[in-house]
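Undergrad: Straight from Swiss-Prot, here's the annotation block:
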BINDING   Asn12, Arg23, Gly197, Gly218, His219  3-amino-2-oxopropyl phosphate binding site
BINDING   Asp14, His15, Arg50, His55, Thr105  1-deoxy-D-xylulose 5-phosphate binding site
ACT_SITE  His48  active site, proton acceptor
ACT_SITE  Glu75  active site, proton acceptor
SITE      Glu156  site 'Transition state stabilizer'
ACT_SITE  His196  active site, proton donor
Amino acid sequence: MTHSNRMLLGVNIDHVATLRQARGTRYPDPVKAALDAEEAGADGITVHLREDRRHIQERDVVLLKDVLQTRMNFEMGVTEEMMAFAEKIRPAHICLVPETRQELTTEGGLDVAGQEARIKAAVERLSRTGAEVSLFIDADERQIEASRRVGAPAIELHTGRYADAQTPTEVAEELKRIVDGVAFGVAQGLIVNAGHGLHYHNVEAVAAIKGINELNIGHALVAHALFVGFKAAVAEMKALIVAASR
């Protein structure tokens, strides 16, 4: 991937598949959503093939790999099954995320510092496919340093605590944590992305942070698309990010 000065938007289409799986139908099609997102200005498409297959299915990933004009960011747990699948699909980008069956979504970042040997082996193996491997972590210096040590070229900072913050003081504290994490990551020579819980009313403060390469956003886009359409939802988010990151 070429890393430009402008901030990129990665559109996560998982929850289009969530709606489909709720009834076991063939619609709505996440592949169509991905193509619409690209037309509306998405710089990449993110999908998370979960162990429990609650939304995205293998077939979606295979189809997307064939039709995307931008690039795929493939989110996956650190399991043998997923690593073998990623080796077969060979996405441009792979993001390793923590995963349990009970979670509603990816809660908290990957504990890289607590399992360095395991993560290092996964990063090395997946990097051999030609993918740029990133690690979904909290904006914590210990985890950022560990990410560099295991050889990951990129990290994605977890913005969920910022998104969930209730009071102005909490919001400011969590935003500062992200700002500091971005600066520390860049200083470590890492490509720094961010995402989780971002929506139309909280994205601008994060998009204004210098040093972030890409924001990954999904649930808010899919929710807004119910009322304005998918292309309009993506275009609106892209405009907010472009304006805030100038």
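Count begins at 1; order follows the chain as displayed.
The backbone N, Cα and C atoms fix where each Cβ goes, glycine too.
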Undergrad: For Glu156 (site 'Transition state stabilizer'), which DSSP three-state class applies?
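TA: Note: Glu156 (site 'Transition state stabilizer') is in a strand by DSSP.
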Undergrad: Validating a neighbour-count step here. Other CB atoms within 10 A of the CB of His196 (active site, proton donor): how many?
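TA: Excluding its own Cβ, His196 (active site, proton donor) sees 26 Cβ atoms within 10 Å.
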Undergrad: Quick one, of the binding-site residues Gly197, Gly218, which Cβ has the fewest other Cβ within 10 Å?
TA: Gly197
Undergrad: May I ask which of the recorded positions Arg23, Glu156, His196, Gly197, Gly218 is closest to His15 (1-deoxy-D-xylulose 5-phosphate binding site) if we compare their C-alpha atoms?
TA: Gly218
Undergrad: Non-local Cβ contacts of His55 (1-deoxy-D-xylulose 5-phosphate binding site) (under 8 Å, 6 or more apart, same chain)?
TA: Asp14, His15, Ala17, Thr18, Arg20, Gln21, His48
Undergrad: So which one is it: of the recorded positions His15, Arg23, His48, Arg50, His219, which has the fewest other Cβ atoms within 10 Å?
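TA: Minimum Cβ neighbour count within 10 Å, taken over the recorded positions His15, Arg23, His48, Arg50, His219, occurs at Arg23.
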